[in-house]
Amino acid sequence: MSKTLKKKKHWLSKVQECAVSWAGPPGDFGAEIRGGAERGEFPYLGRLREEPGGGTCCVVSGKAPSPGDVLLEVNGTPVSGLTNRDTLAVIRHFREPIRLKTVKPGKVINKDLRHYLSLQFQKGSIDHKLQQVIRDNLYLRTIPCTTRAPRDGEVPGVDYNFISVEQFKALEESGALLESGTYDGNFYGTPKPPAEPSPFQPDPVDQVLFDNEFDAESQRKRTTSVSKMERMDSSLPEEEEDEDKEAINGSGNAENRERHSESSDWMKTVPSYNQTNSSMDFRNYMMRDETLEPLPKNWEMAYTDTGMIYFIDHNTKTTTWLDPRLCKKAKAPEDCEDGELPYGWEKIEDPQYGTYYVDHLNQKTQFENPVEEAKRKKQLGQVEIGSSKPDMEKSHFTRDPSQLKGVLVRASLKKSTMGFGFTIIGGDRPDEFLQVKNVLKDGPAAQDGKIAPGDVIVDINGNCVLGHTHADVVQMFQLVPVNQYVNLTLCRGYPLPDDSEDPVVDIVAATPVINGQSLTKGETCMNPQDFKPGAMVLEQNGKSGHTLTGDGLNGPSDASEQRVSMASSGSSQPELVTIPLIKGPKGFGFAIADSPTGQKVKMILDSQWCQGLQKGDIIKEIYHQNVQNLTHLQVVEVLKQFPVGADVPLLILRGGPPSPTKTAKMKTDKKENAGSLEAINEPIPQPMPFPPSIIRSGSPKLDPSEVYLKSKTLYEDKPPNTKDLDVFLRKQESGFGFRVLGGDGPDQSIYIGAIIPLGAAEKDGRLRAADELMCIDGIPVKGKSHKQVLDLMTTAARNGHVLLTVRRKIFYGEKQPEDDSSQAFISTQNGSPRLNRAEVPARPAPQEPYDVVLQRKENEGFGFVILTSKNKPPPGVIPHKIGRVIEGSPADRCGKLKVGDHISAVNGQSIVELSHDNIVQLIKDAGVTVTLTVIAEEEHHGPPSGTNSARQSPALQHRPMGQSQANHIPGDRSALEGEIGKDVSTSYRHSWSDHKHLAQPDTAVISVVGSRHNQNLGCYPVELERGPRGFGFSLRGGKEYNMGLFILRLAEDGPAIKDGRIHVGDQIVEINGEPTQGITHTRAIELIQAGGNKVLLLLRPGTGLIPDHGDWDINNPSSSNVIYDEQSPLPPSSHFASIFEESHVPVIEESLRVQICEKAEELKDIVPEKKSTLNENQPEIKHQSLLQKNVSKRDPPSSHGHSNKKNLLKVENGVTRRGRSVSPKKPASQHSEEHLDKIPSPLKNNPKRRPRDQSLSPSKGENKSCQVSTRAGSGQDQCRKSRGRSASPKKQQKIEGSKAPSNAEAKLLEGKSRRIAGYTGSNAEQIPDGKEKSDVIRKDAKQNQLEKSRTRSPEKKIKRMVEKSLPSKMTNKTTSKEVSENEKGKKVTTGETSSSNDKIGENVQLSEKRLKQEPEEKVVSNKTEDHKGKELEAADKNKETGRFKPESSSPVKKTLITPGPWKVPSGNKVTGTIGMAEKRQ
């Protein structure tokens, strides 16, 4: 049964029972009894007697009643409706102790008997039965009166008191009548009984007790005395505490209440219930004097909280208000009496649309009373009365094969890949046959030749399916493997139902559509262009349907076809609605069929999976993929690809003109305008050919739950981009299979924690970790403590089941965990169609492809990103789309490319079947000009929230600190997001406005202080499944370190790195829905472990920079922005110099000048002696500038695998920590000119002091390996080249030991990383090419001078980099290797090959010592392109090992460095550091 308004407790739940006795004379009840029918009141308790002499009431068991409580029963005997005297007589009749049943007076039951009798309830409900009991008791002492004349056999004063109208009105005005009303023009009433009975009346006690024992068989004859009377004072009950109203007929027009013991007119009608103002007439309800047959097998009768009866069909797991036993006794509509409705019909009193009628059996609505309609047709000689009349085959339905009428046909069919080749219809109710609708051409059934349309399916492989549901039979066919045979028994002789204009049809296919649940295959698929004025449209059953004219649709002359489908009943004009669906164990819970405007929802089979979907909705998009041009089977395949539990948004068209096979029935008999199809292909909708009021009058809102949900959203404070989901779970032995988190404070929400493997929640598939728990069995949990929530779950466990309402965040465009298709996210960049479009979208004509020619400059890329679907798309769908267009790029300037456009060819070569890597390579090979063949995507306007569109969200598209938009388009980052036309490490993915943020601490990622709303901007979720060794990532930070939580490392081949969306340096904002702000490191681990095999992380993209413990001040974001504090806006020249590796950057032979120069303009003043041609593809560049890291760190390589990306990220991570220590390397890395703009440059003033520059700090010294090589070789680009091998041991130590903030642990890890780094560094030097460079080795004297001029820097604050002091003993041999790590590598590769082996051996030893000393400045001459290739090979080796390889080191005595804030170096120290480079000019 669908969810209705949340109900409060019925008065029945407040009934109290107790056993009382009294100390006194027998029969002297110890409590005062007040009220009574003679006063028009229920009997109720007065004060309890406490006289010591006798009559004192004593409660034996139960809770003592309170004075004023209404007395309902005494020892099980109802006393409501009895006089006070008779009530006391019943009490005295029993021995003490006696059992009393009482209830506190409320809004429904109070002392006023007249009030309760004036209310109208559903027949069979608790209240309706109580009303009948009251009347039974009343008629013991009173006789109803009427103004009509006596009928034959009626005795005045026995059956009725026959009085005049004047006498009746006098009684009514005097208040002597408990009930009054009219029926058939006559007045009826029930007078109050006299307080004292006449001497001729028998004692009522015997009658009360006797009738109570034989209640089911011996109904007293006046129980329905006023059952047909139209009450003058009828009203709806007001439940206690504003309960939902359980009574119905709020209009008060219940033709209900006459009474006569022998008149059948009195025994048939009952007003029925509705949650609104409606009446469902159960006029065929079995009366109490009739013996009811048992319910059908697996049916159950139950009561709602308000006492209303409903029926549960366990066969189909559905509920209904209709008694299945009454179906066989249902009358034809024309045989019903006035005021009576046929079985299954309901009367709706709607304040907006007036009165209309609902046929629940056929899901139809109409304004005309079906009984009046049927009688009118009968008078006109029309035999056919539409769906209200039972179909012929329904009247002959049987579950017994022996009672079938017709010829039995047996067939054996072999299942092909396309199924069995026939469609089925029927099975919507247990009393309906399943019949063959069509036999598909060339299918197994057609080849067998034995099956024909109309055949009733009797038996499948020996299992009788008569009475089975549609879904059950489809599932049986699905379970048959391909190439296996199935034996069918069919019965020929039953025609197909006449009312099959739009039936539920299922193709019995090999992979039948969504769930085994009635996915339909229509016979005709018409394009709207085919509809021409005057053309005749044939319905599926071959009958002539509607003639299309220039003005619109003319309905058929047959009035029986004039119905309003419930699908269009809720809207007055066409609207596009996005509905989130969840795929259940058996599918999405609905069936589809072809229609002229697309695939239409044929039937709702299981509404819990497709809440909000309605019959008749036209499907436009599935998961943001346009399916209007797809065939029925293609749409089926699209739906089938989603796994169980997947969230699938569906864009549907609802409302507006009905489909061409139906028209709306209006209250008038005027011609019905169902709309024009002239504007179908117009981009702008034409005016509606009918006023909205006509549609409203013909389309009443039928679904009370839908009205409730719509109204609920008006008042409910529901966060945007969330959806609420109801999950019903049955308890297993191990429980419900999930854990609960949160509830630690009054403002803390409750979340779903771990989903237990193989538990009930996991098997159900809908519940997820991090879902916010809203309600448990209808009880809100917001604000409740953790213990209270557990108590609620304990209560639910006792019941064996629980209904959970959870709220889930919707991340538009984000990858759903269950779906590994990135295709689903492609069109989300443009969003989904807006909701206010009023046209009737039709299948658009295929878009014509067009060519777009892009030209780029040498220093830029083409400026677009291609996304490729991982899963094989449906036929005809191009899997490659434009995922992003970079602002200001060639793609943006041309104006012809839009996000979502499909790319079918590159330079005339089709790419439809090519992989993503091949496409990227193809575009890169095109040089500076590329021609794209584009098929424009249909216009999209974003989801309702408007936050889903990349074009609508420039803030997300261009984020500061080089954060890539790729975070919002998750998928295979390495495969999907490489920049087209640029090399791996130089992809130009950001506009100039991105880089200007680098000098603004406010926009840095490090700024995490603020509201949670601000914190979550730009974040994206990642759900990981635990691998054999965990989730594959490690954390840094926590409250105890006074910093946030960051991704520290990614394990090789772990789930995190395979996912491709997590990167080193990303900040963790939430773990399984719980915010991480202010939580400890230990708590973060606990949250991850609590998620079981899955964890849901909300990440904010980082820059690859991981702050050190102590550098991070969560209360002061600027304090963590040490890197940026001294920066000035980056000049464009330096920007391009550091960003674009493919450009030729002029550099000084002494490359320190490039890194230490104050302004980028100074580069122009220095004449370059040598230039270095930079290789574009250098993923091994580990020590490239921080600017490049910040800007393009998030851009994964387009042609390299994860290893390159991981290695790069790890290096950046290390450089980040170096940057925290602020060495000259760091400013160079980050825009060296920028940072050093505020630092006195010793380069020009005191070149002799240059060696001091290298001794600023251990970290700086390590960085200097890159720094110095930059000067000596090709400037910053040279440094970038050498990054692959120049990751310092210091940096590696930080990466390896980042979890431990202690210095001792840092030292241990440092030593280990040093040994590893030294070993790998020596190997990296053995470049097979053997080519050498000149001017690699400087004089030993110069090297010694460098060593001696080194000074220790007290400026560094890194705690873990405390080094040992070593004697500074330098030989010529070692001096030649006192250059930085990169220099050492270069020396080996370009230096003296004769001594290479010796050098390598020494390098291993020196690299171990190097961390304890400051590296010497290295001088490297210009490198050739061949040597760059060698470096690339060496870097590849580094990537394989994931280690950073120091090249050389020299033992230099160093002092301990104490942590502290970074200070700008004084002039003398800096100049001393820089002097050597000047000297070498």
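A Cβ is built for glycine as well, from the same backbone N, Cα and C atoms used for every other residue.
The domain 'PDZ 1' annotation in Swiss-Prot covers 18-106 and rests on sequence analysis.
According to Swiss-Prot, the feature domain 'Guanylate kinase-like' maps to 114-288, an assignment based on sequence analysis.
Residue counts for the domain 'WW 1' (293-326) under DSSP (helix as H, G, I; strand as E, B; rest coil) come to 3 helix, 13 strand, 18 coil. The domain 'WW 1' feature in Swiss-Prot is assigned to 293-326.
The average pLDDT computed for the domain 'WW 2' (339-372) is 81. Swiss-Prot lists 339-372 with the feature domain 'WW 2', giving sequence analysis as the kind of evidence.
Annotated domain 'PDZ 2' per Swiss-Prot: 410-492, in sequence order.
Taken from Swiss-Prot, the feature compositional bias 'Polar residues' covers 557-570 (among others).
Note on the domain 'PDZ 3' (578-654): DSSP counts are 9 helix, 35 strand, 33 coil. According to Swiss-Prot, the feature domain 'PDZ 3' maps to 578-654.
Applying DSSP to the domain 'PDZ 4' (726-808) sorts its residues as follows: 19 helix, 33 strand, 31 coil. Under the heading domain 'PDZ 4', Swiss-Prot lists 726-808, citing sequence analysis as support.
Among the features that Swiss-Prot reports, region 'Interaction with ADGRB1' is placed at 726-808.
As annotated by Swiss-Prot, compositional bias 'Polar residues' applies to 822-833 (among others).
The domain 'PDZ 5' feature in Swiss-Prot is assigned to 851-938; the stated evidence is sequence analysis.
Taking DSSP states H, G and I as helix and E and B as strand, the region 'Interaction with LPAR2 and GRIN2B' (851-938) has 15 helix, 30 strand, 43 coil. The region 'Interaction with LPAR2 and GRIN2B' annotation in Swiss-Prot covers 851-938, and the record cites experimental evidence as its basis.
Annotation comment: Swiss-Prot describes 945-955 (among others) as compositional bias 'Polar residues'.
As a summary of secondary structure, the domain 'PDZ 6' (1021-1103) carries 18 helix, 35 strand, 30 coil according to DSSP. Swiss-Prot lists 1021-1103 with the feature domain 'PDZ 6', giving sequence analysis as the kind of evidence.
Annotated compositional bias 'Polar residues' per Swiss-Prot: 1254-1277 (among others), in sequence order.
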Report the DSSP secondary-structure composition of the domain 'PDZ 2' (410-492) as helix, strand and coil residue counts.
14 helix, 33 strand, 36 coil
DSSP-wise, what's the residue breakdown of the domain 'PDZ 1' (18-106) into helix, strand and coil?
13 helix, 36 strand, 40 coil
Honestly, do the domain 'PDZ 2' (410-492) and the domain 'PDZ 1' (18-106) touch, with at least three Cβ pairs under 8 Å and pairs 6 or more apart in sequence?
no
In the domain 'WW 2' (339-372), how many residues does DSSP call helix, how many strand, and how many coil?
3 helix, 15 strand, 16 coil
